[in-house]
């Protein structure tokens, strides 16, 4: 009988585990962290993926982040990081208030929401511009409109005409210029990409970004539209679909079919859906991604108090840990690293929390669940990945070394959540960067030229992988390692599994 989760928890040894963290950390770079020195410090603390938030900042700013990231990379030879572009997406916002003043709105206050653009720069507490032309066509009396992440709620009283509706404030608060607007339980018909998004994606392609975090994805067609917009030059960019509204939830299965991965963006999701339900939604979506073998990111307010405080709340630590236990491949920091006072400390706390959470996982029981739930027959590569995970569990192996061109084998290995690190050896920098999306994968760039002797070339790459694992304290002489490689060069031939002993074969 495999060790159950309950048995695993009852027998836990409390303290810092003697292993490396497998959950990746994504950090948003903002004005406080946009320097080579700051990015290097974040990487040393545990950062794996840089996020560029295109809801803020100029092209010049984002260009400088990319340049600083490239400079920082030189201090980590063979360990490239990934850069992700987070689109602004099809958001709805209020207009600019008169003189940019913050408008106080008392409870029960009635006012007009208008789509008349003549009020776009002169909104006041009597009439407020909303930049969604079809607002009066999609909403009905009795529905609610949330402003500024739900800080202010309004009930729709009357549709006056095609441009105006009357609302009543449910609570008191302030409205400032250009605040976000949410329409819960209302199907909006915004295009998946705005003109700004198109320009931003073109910027990303030109500057070699590796991942797109696509905001407010509602259908599979939205994902395909982004893929088309990236064009042939951006065909290798991975698309991570952000699920942050009811439409995205309703169409999740079709989105998962076509996307490269998923981000659970709990901020906007928690506005449109009851906050307690987000807990269950997070677990459900992560499980679906795990079963599909696609990476999933948990994001929003994970260590939010550390924006201004040196220590997180206990609830925040539990939130990070539970996201890891739910099965997230990556956890993400937003304002904590973009504008916070303690960015490096936030990454350190997140890394330490993820590491301890990982030590509580009952890997054999988890592997059995994943294997049993996977439809059969599986592809050759996935069959080998599952067999490698089983071999590690049965032989108490310390590492899996995989030689890969595209990283697909490493992704499938990650799906089965082996109890050891996955050492990815690749000659392709983009493959190494993208691998940070997959839990447990440690990518290493192998730069020597390919030998004419295929067998010798394979041996040298495997030896390199074992040496890298040894240098990071993952393996030592006498340890068992499992390796996966192809019987010939090229893509899609990972079909050979080998069990070796460190210090003998390598």
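Each Cβ is built from the backbone N, Cα and C atoms, and glycine gets one as well.
According to Swiss-Prot, the features are:
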MOD_RES   24  phosphoserine
BINDING   51, 267, 268, 300  substrate binding site
BINDING   53, 55, 86, 87  K(+) binding site
BINDING   53, 54, 55, 56, 93, 179  ATP binding site
SITE      242  site 'Transition state stabilizer'
BINDING   244, 268  Mg(2+) binding site
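Overlay of Swiss-Prot annotations on the structure.
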{"residue": "24", "record": "phosphoserine", "DSSP (3 states)": "strand"}
{"residue": "53", "record": "K(+) binding site", "DSSP (3 states)": "strand"}
{"residue": "87", "record": "K(+) binding site", "DSSP (3 states)": "coil"}
{"residue": "179", "record": "ATP binding site", "DSSP (3 states)": "coil"}
{"residue": "242", "record": "site 'Transition state stabilizer'", "DSSP (3 states)": "strand"}
{"residue": "268", "record": "substrate binding site", "DSSP (3 states)": "helix"}
{"residue": "300", "record": "substrate binding site", "DSSP (3 states)": "coil"}
Nearest recorded site to the residue listed as 'phosphoserine' by CA-CA distance, among binding-site residues 51, 53, 93, 179, 244: 51
When distances run from the Cα of residue 55 (K(+) binding site) to each of the binding-site residues 179, 267, 268, 300, the nearest one: 179
Using Cα positions only, nearest of the binding-site residues to residue 86 (K(+) binding site) (54, 56, 93, 268): 54
Distance check against residue 244 (Mg(2+) binding site) for the binding-site residues 51, 54, 179, 267, 268, keeping those with Cα within 10 Å: 267, 268
Per-residue Cβ crowding (10 Å cut-off), top of binding-site residues 55, 300: 300
Residues within 8 Å of the 53, 55, 86, 87 Cβ centre (excluding the K(+) site residues themselves): 51, 52, 54, 56, 85, 88, 89, 213, 215
CB contacts for residue 87 (K(+) binding site) [other CB atoms within 10 A, all chains]: 27
Between residue 242 (site 'Transition state stabilizer') and residue 87 (K(+) binding site), the C-alpha gap once rounded to whole angstrom: 10
Between residue 93 (ATP binding site) and residue 53 (K(+) binding site): CA-CA distance (Å): 17
Those residues of the chain, 6+ apart, with a Cβ under 8 Å from that of residue 268 (substrate binding site): 149, 180, 182, 216, 244, 245
Nearest of the binding-site residues (87, 93, 179) to residue 51 (substrate binding site) - Cα to Cα: 87
Rounded Cα-Cα span from residue 54 (ATP binding site) to residue 87 (K(+) binding site), Å: 5
Separation of alpha carbons, residue 267 (substrate binding site) and residue 54 (ATP binding site) (Å): 17
Between residue 300 (substrate binding site) and residue 179 (ATP binding site): CA-CA distance (Å): 18
